[in-house]
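**Student:** Here it is: the structure, laid out below.
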Amino acid sequence: MRSRCAMPGLFITLEGADGAGKTTQGALLAQAFRILGYPVVETREPGGTPVSEAARRVLLDPSLKGMVPMAELFLYATARAQLVSEVIRPALASGAVVICDRFTDSTLAYQGFGRGLDLEQLAAINEMATGGLTPDLTLLLDIDTGEGLVRARLRRPEGTKWQGVDRMELEEAAFHERVRRGFLQLAEKDRARICPIAAGGAIAEVHRRIIDAARRLVPDLPYCHG
């Protein structure tokens, strides 16, 4: 197992638009590593610590429609800084595989390409929040914008908190299309780290694509679905 993050562990992130299946596929990827005996820490953004989860509740609350992009940005950065300090760096230092649902690329895609904030400024804020931490591998789950939104809105049953949608999912389709195209542009610029994965098929099919991509880091990583 080889790492780019200058620590004994391995850092893998899953990125993509809402409804791409990151949570499901992240859990399956973690299972594959555990089959080989690796210690695995699964986490998410925003979230993963009490401070970060508090920021998440504010960020995703659909009643807070008036949040300006800059406030949104710094709330995400707050959640990320706490998660990196409290969870990710200690886990990597201990030799664990850390699998994170979203990381810095989401800021560039959502607040940059989606909201129109300056990409260089966003990169600088990401650098400050993470202390320069870079994933060893980023799996970009790419899905048609319309299909992803349908999936996202169906995964949370009606009658639950926020009536099945969160603040980001309420954005218009054009916003989500900008985000998708932003992710793909990021992947084109950093092919060594970001691996696009077609996420529109069955869970087992997508899982196999992810394992095939992750084998660049761990060649004997097994399939564990289908």
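Any Cβ shown, glycine's included, is placed from N, Cα and C.
What TrEMBL says about a protein is an automatic prediction, not a curated fact.
Look at TrEMBL and you will find 14-210 tagged as domain 'Thymidylate kinase-like'. Marked as ATP binding site by TrEMBL: Gly16, Ala17, Asp18, Gly19, Ala20, Gly21, Lys22, Thr23.
Tell me about the surroundings of these features in the structure.
**Tutor:** Looking just at the domain 'Thymidylate kinase-like' (14-210), the mean pLDDT is 92.
Residues near Thr23 (ATP binding site) in space but far in sequence (CB under 8 A, at least 6 apart, same chain), listed by position: Arg44, Asp101.
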**Student:** For the ATP site (Gly16, Ala17, Asp18, Gly19, Ala20, Gly21, Lys22, Thr23), what does the 8 A shell look like? I mean other same-chain residues with CB within 8 A of the CB centroid.
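**Tutor:** So the additional residues around the site are Leu141, Ile143, Gly148, Arg151, Ala152, Ala199.
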**Student:** In the structure shown, which of the binding-site residues Ala17, Ala20 has the fewest Cβ neighbours within 10 Å?
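**Tutor:** Result for the binding-site residues Ala17, Ala20: minimum number of other Cβ atoms within 10 Å at Ala20.
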**Student:** Going by DSSP, is Gly16 (ATP binding site) sitting in a helix, a strand, or coil?
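**Tutor:** DSSP call for Gly16 (ATP binding site): strand.
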**Student:** For the binding-site residues Gly16, Asp18, Gly19, Gly21, which one has its C-beta crowded by the most other C-beta atoms within 10 angstroms?
**Tutor:** Gly16
**Student:** Within its own chain, what residues at least 6 apart in sequence put their Cβ under 8 Å from the Cβ of Lys22 (ATP binding site), listed in sequence order?
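**Tutor:** Within the chain, Lys22 (ATP binding site) has Cβ neighbours under 8 Å at Leu14, Glu15, Gly16, Asp101, Arg102, Leu141.
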